[in-house]
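First comes the structure, then the notes that go with it.
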Amino acid sequence: MHGRKDDAQKQPVKNQLGLNPQSHLPELQLFQAEGKIYKYDHMEKSVNSSSLVSPPQRISSTVKTHISHTYECNFVDSLFTQKEKANIGTEHYKCSERGKAFHQGLHFTIHQIIHTKETQFKCDICGKIFNKKSNLASHQRIHTGEKPYKCNECGKVFHNMSHLAQHRRIHTGEKPYKCNECGKVFNQISHLAQHQRIHTGEKPYKCNECGKVFHQISHLAQHRTIHTGEKPYECNKCGKVFSRNSYLVQHLIIHTGEKPYRCNVCGKVFHHISHLAQHQRIHTGEKPYKCNECGKVFSHKSSLVNHWRIHTGEKPYKCNECGKVFSHKSSLVNHWRIHTGEKPYKCNECGKVFSRNSYLAQHLIIHAGEKPYKCDECDKAFSQNSHLVQHHRIHTGEKPYKCDECGKVFSQNSYLAYHWRIHTGEKAYKCNECGKVFGLNSSLAHHRKIHTGEKPFKCNECGKAFSMRSSLTNHHAIHTGEKHFKCNECGKLFRDNSYLVRHQRFHAGKKSNTCN
């Protein structure tokens, strides 16, 4: 008895259903094709009728191909035993052609295909095949460029009604697809599927070039452009090219000035919905991106990616001019301006231009008079933290920069660079006005003010202006009475470094006379 049962289970589905392999070939092919998806009731059916959202749409093209159109309704009858018919109970699916009713969605779908005798519709352009004429018509709009479906909110047009429906959720805020793991909601089911890979850790898309793996195929496609250097997306306005279409779309808004996305909390507007989403985390305090290595959390995914390179040491961005590599794209962009000489950031106060926005921000503090960085030793304040760090070495005596040629040490890297030119004799910076050459760019910049008469550093006390910041600092000591410069020999204090230098010559002269 058990042996027969085992034998029966080893039989293909077609034999268990009582069909003859020779006389019912189309039917057998049908169940063979669907064997991986649907199992018969007596074989622990894996997909029940309630999971079929729309049975006629769930049947595969393989099934449609293999069902013989010559079989009448009694074909489906032959698939069920009398016992099964008795157990059907409520009949959920009814055929509109003949009124025949079915309990299971799959059986109803099979029956419908026999009636409709569906034809395959082929695209003349690319050869793609569709089971419905409407699907073919929708597909052909890709080739023709026709976009008949328009959004009433923003005027954006689409090939398909389904794409318009998805787009509308941006305006309505509807997010019907929820992650069972973390409760996050999405406006598209594909976005939910992609998101769920974060929880599962699944990265099915691998780069053949470097072996890096990705959650999404779009991320792999974007990554590949790093290896190829391809930038297929060009701006029609200014000719700038981009590796990703999303970058081009973002760039185009610069020309239009459009900011359609508004924060409901503070009213701030943004060019892109992604920027709005990132901004809103300021209000919520949400930091959903966590580093698996050290546990640090971030509000933006890009911040996590940048942080992760601290652990990996990865530097994927290479300068084509000099070969220098960088961990961040922004660092490469900033570096590239050394070669191009581009300075896109301009001060509205004095017109001075800078290669980096951070340099402009530092410069603006000069005009504001703000000095937020204060020395704990002498209470001297600075507009930049780097200046405070450099100043603090006066108190500590630290000189971390050493000349490899003569062993002399310096408190600042710029001093070492200046000193190094004594050994090389290099004077790379030339004044276009008088031809004088300088070892440092800063020295040339100071010198140029002789020709221009520029005095950007103004005293808030008396209004006197200076061409150099150090001159203003020294002058300011007249008003405050401060004396920061101390003689190590006798402890005498001076408000100007030049006075200290002169004074130290007095000690040097005394020592010389003593020796004599």
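Cβ coordinates are placed from backbone N, Cα and C, and glycine is handled just like the others.
Pulled from Swiss-Prot, these are the features on record:
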REGION    1-20  region 'Disordered'
ZN_FING   121-143  zinc finger
ZN_FING   149-171  zinc finger
ZN_FING   177-199  zinc finger
ZN_FING   205-227  zinc finger
ZN_FING   233-255  zinc finger
ZN_FING   261-283  zinc finger
ZN_FING   317-339  zinc finger
ZN_FING   345-367  zinc finger
ZN_FING   373-395  zinc finger
ZN_FING   401-423  zinc finger
ZN_FING   429-451  zinc finger
ZN_FING   485-507  zinc finger
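Taking H, G and I as helix, E and B as strand and the rest as coil, DSSP gives the zinc finger (261-283) the counts 11 helix, 4 strand, 8 coil. Note on the zinc finger (345-367): mean pLDDT across this stretch is 85. Under DSSP, residues within the zinc finger (429-451) fall into helix, strand and coil as 11 helix, 4 strand, 8 coil.
Within its own chain, the zinc finger (149-171) is flanked in space by residues 138, 141-142, 187-188, 260, 273, which lie at least six positions past its ends and keep a Cβ under 8 Å from the stretch.
Broken down with DSSP, the zinc finger (485-507) shows 11 helix, 4 strand, 8 coil.
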